[in-house]
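Here the structure comes first, spelled out in structure tokens, and everything after it is commentary.
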Amino acid sequence: MQRITITIDDDLMAALDRMIEIKGYQNRSEALRDLARTGLQQASLEEGQMEACVGVLSYTYDHSARDLSKKLTNTHHDHHNISVASMHVHLDHDRCLEVSILKGKTDDVRHFADHVKAERHVTHGTLAVLPL
């Protein structure tokens, strides 16, 4: 591990210290390492350099919508090489939450997630992507 010295203006340092306290970091180094990892991951995504990833796709949908549950299940089965696990939660009488773990080429994972989120009666879809 390398030791470095950086200069940060007072306002930025105060904001960083607030974040450290709120998130419960042990020290500034841990917080800065996490921020650097997040920034590098985001840059890799934006530049298209992340070849493979793990994705967490979460979305809500109206389970009473005609054939939607069946259509979503078939989509997951048709992409069994990407969709590795799912958790289904009944939110209320009409709405369900699905959380799916996806693994594969980043472009394929994004395409799969976009397809699911675009289905009629699927709402609030979010994809979180992590590097492999």
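Using the three backbone atoms N, Cα and C, a Cβ is placed for every residue, glycine included.
Swiss-Prot lists His77, His88, His90, Cys96 with the feature Ni(2+) binding site, giving similarity to another entry as the kind of evidence.
Sequence features, as recorded in Swiss-Prot, placed on the structure.
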residue : record              : contacts (Cβ under 8 Å, 6+ apart)
His77   : Ni(2+) binding site : Ser83
His88   : Ni(2+) binding site : Cys96, Leu97, Glu98
His90   : Ni(2+) binding site : His63, Cys96
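The number of other CB atoms found within 10 A of the CB of Cys96 (Ni(2+) binding site), across every protein chain shown, is 18.
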